[in-house]
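Worksheet for the structure shown next.
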Amino acid sequence: MWEYTDKVQQHFLHPQNVGEIENPSGIGDVGSLACGDALKLTLKIEDNVIVDAKFKTFGCASAIASSSALTLMVIGMTVDEAEKITNDDIADYLGGLPKEKMHCSVMGREALEAAIADYRGVILPMAEGEVVCECFGVTDLDVIRAIKESDLRSVEEITNFTKAGGGCGKCEDKLRDLLQTTISGIPIVPVTAEGPKRLTTLQKIKKIEEVLEREIKPALKKDGGDIELVDVDGDFVMVSLRGACTSCAKSQTTLKEYVEKKLRELVLDTLIVEEAK
Amino acid sequence: MMNCDADKVIYMDNNATTRVAPEVVDAMMPFLTECYGNPSSMHNFGGQVGSAVQKARGQVAELIGAEPTEITFTSCGTESDSTAILSALQAFPEKRHIITTRVEHPAIKHLCENLDRLTGHKHRVTRLQVESDGTLDLASYEEALAEDTAIVSVMWANNETGVIFPVEKMATMAKERGILFHTDAVQAVGKIPINLKDLDIDFLSISGHKLHAAKGVGVLYVKRGTPFVPFLAGGHQEGGRRGGTENVASIVGLGKACELAGKMMEEENTRVRALRDRLEEGLLATVPKSMLNGHKTDRLPNTTNISFEFVEGEAILLHMNMYNICASSGSACTSGSLEPSHVLRAMGVPFTAAHGSIRYSLSVYNTEAEVDFVLEKMPPIIAELRELSPFWEAE
């Protein structure tokens, strides 16, 4: 069970300013169902002062508490003052959050920024970054900013604050590079150590297709068969057998003993070949 | 002294762990106090402790239709799982293929992910897909069985959904091809009848704390004649199968728990099942946009996994906690992970539901009044959280 402060529990169980402002001056809509948390913040701004704030949150206790706290923090502030609120300010207001839950406070800050940007009619600079974590849609600018603002020193900390790297984990090398360059200014050095070979999904698909065309298809065609690539999901390579291979009693042996072995040898030694049904 | 107020709690998280039965505590006590001899000692003071361990071995064997010599005591289900799989891989070093499923407990899931690091060999793992109701497709399994398959490891019943897999039939299919078969039966033992006598199962894992014994004790069943390589090398304990002085009190307690489980099996499959059904039907009827995860009937009698769409599991659990109702969630936030249950994702449960899944797992200690209380409290909890949800309004 997470160790939540009394203030987090209080805001979670009795959240303040729940709802949506009609005809708001600015809307901040961040997160998604797939990500597991989302926040819609609406602000009413008069003479550059936030006179009302309401929220709707899908998420855990920290996400709800962070949203509730945020609304109380910003009401009465000028837009310029609110703009300076950081995720650490939100977490501090709540008496702290578990380190794994810091991304909830980041979501609060992001919603606030989005609402202010909406009020001002400008595009958030963060939205123009390059997506480094596809699972949670986190950009390099988001990561660099989190590293600088919260003095992050490891990939694990980046994940706690931004969620980047918390899904499939394929972006870990990119995050490590961003960490290195951000904290030291040292240029990115490609990883050449004898660690496991890493390929992006696109690189993987291209290589698989190349090996299928060059090595595997010609061999199968000699026996009247053929093979098509259907999908690549992580290390799982879904293929469809064609021609004589479809009715061959040894098709599974072909897949595992020939196709998989060949792809492991020539593309990546962790690939698992399965027949798409 | 810590006061857990167990009597005030409505405990519906029995797939996580169970209350230690009072009869089990009574059986354990002498071995935590005056009967402290080493079961391997030559003197009578230790010898009588050794006899108690042997009695427990017989009680465990009786529950699952095994021979006492086929029972090896371990520290937990995870150790039993690791022992079975690593033993098979060492027994057949030329075989590099393992078949398992995409919905296994982390004890198997992570072991398979780390095999190359653990064994130094390049192993190939086939993870069988499940259907949307959590059941396995036997045709895919048959296709996966290969000449170099060293072992099949398939859980008997899933810990999150309770869905029961056809392990008896799968074991026979493996045996016909000379492949060893292991089943993680941690959730099944004590809840459904198991008789290994005429089955082709080579290894079976049990965890004590899932059936009202203490934490820190487990069992690995090894069918007589199965090639075996110990996981823990050491003394001659457990017939040389597992080094280390036995956790006597917990073993004796586990023996008693198995004896009790045999007697309670009927109640588990009648009264507990009826309570579970009453809870499940009540929740599905009174909470809109709720859905059952898992097969309707091929399931453990005590388990139901229900998703409440557009709300998040941890938030639900913490509201339930206010009423002292204990359950579990497959939501990411409860585990420290950032992605929801791999079991629900493998079943194709949509994100709208996967994040808001709650597993209720009952036991013989639950009552009708408790179920009624939960049925009364859950609808307003979900309604309150949905008022907060931006997605609920969109509906």
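Count begins at 1; order follows the chain as displayed.
Cβ coordinates are placed from backbone N, Cα and C, and glycine is handled just like the others.
Across the domain 'NIF system FeS cluster assembly NifU N-terminal' (A:3-121), DSSP classifies residues as 55 helix, 29 strand, 35 coil. Look at TrEMBL and you will find A:3-121 tagged as domain 'NIF system FeS cluster assembly NifU N-terminal'.
Sequence-distant neighbours of A:CYS104 (Fe cation binding site) (same chain, 6+ residues apart, CB-CB distance under 8 A): A:ASP37, A:GLY59, A:CYS60, A:SER62, A:ALA63, A:ALA65, A:SER66, A:LEU97. According to TrEMBL, the feature Fe cation binding site maps to A:CYS35, A:CYS60, A:CYS104.
Annotation comment: TrEMBL describes A:131-180 as domain 'BFD-like [2Fe-2S]-binding'. Model confidence over the domain 'BFD-like [2Fe-2S]-binding' (A:131-180) stands at 83, taken as the mean pLDDT rounded to a whole number.
For A:CYS133, A:CYS135, A:CYS168, A:CYS171, the entry in TrEMBL reads [2Fe-2S] cluster binding site. Counting only same-chain residues six or more apart in sequence, the Cβ atoms lying under 8 angstroms from the Cβ of A:CYS135 ([2Fe-2S] cluster binding site) belong to A:LYS163, A:GLY166, A:GLY167, A:CYS168, A:CYS171.
What TrEMBL lists as domain 'NIF system FeS cluster assembly NifU C-terminal' is A:208-273.
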**Prompt:** What subset of the binding-site residues A:CYS104, A:CYS133, A:CYS171 has a Cβ sitting under 8 Å from a Cβ of chain B?
**Reply:** none
**Item:** Residues close to [2Fe-2S] cluster site centre defined by A:CYS133, A:CYS135, A:CYS168, A:CYS171, Cβ within 8 Å
**Value:** A:VAL132, A:GLU134, A:PHE136, A:VAL138, A:ALA164, A:GLY165, A:GLY166, A:GLY167, A:GLY169, A:LYS170
**Request:** Run through the Cβ atoms and count how many others sit within 10 Å of the one on A:CYS168 ([2Fe-2S] cluster binding site).
**Result:** 14
**Prompt:** With every protein chain in view, how many other Cβ atoms are within 10 Å of the Cβ of A:CYS60 (Fe cation binding site)?
**Reply:** 29
**Request:** Indicate whether A:CYS171 ([2Fe-2S] cluster binding site) is helix, strand or coil by DSSP.
**Result:** coil
**Fill in**
According to DSSP, A:CYS133 ([2Fe-2S] cluster binding site) sits in strand
**Prompt:** Within 10 angstroms of the C-beta of A:CYS171 ([2Fe-2S] cluster binding site), what count of other C-beta atoms is obtained when all protein chains are considered?
**Reply:** 27
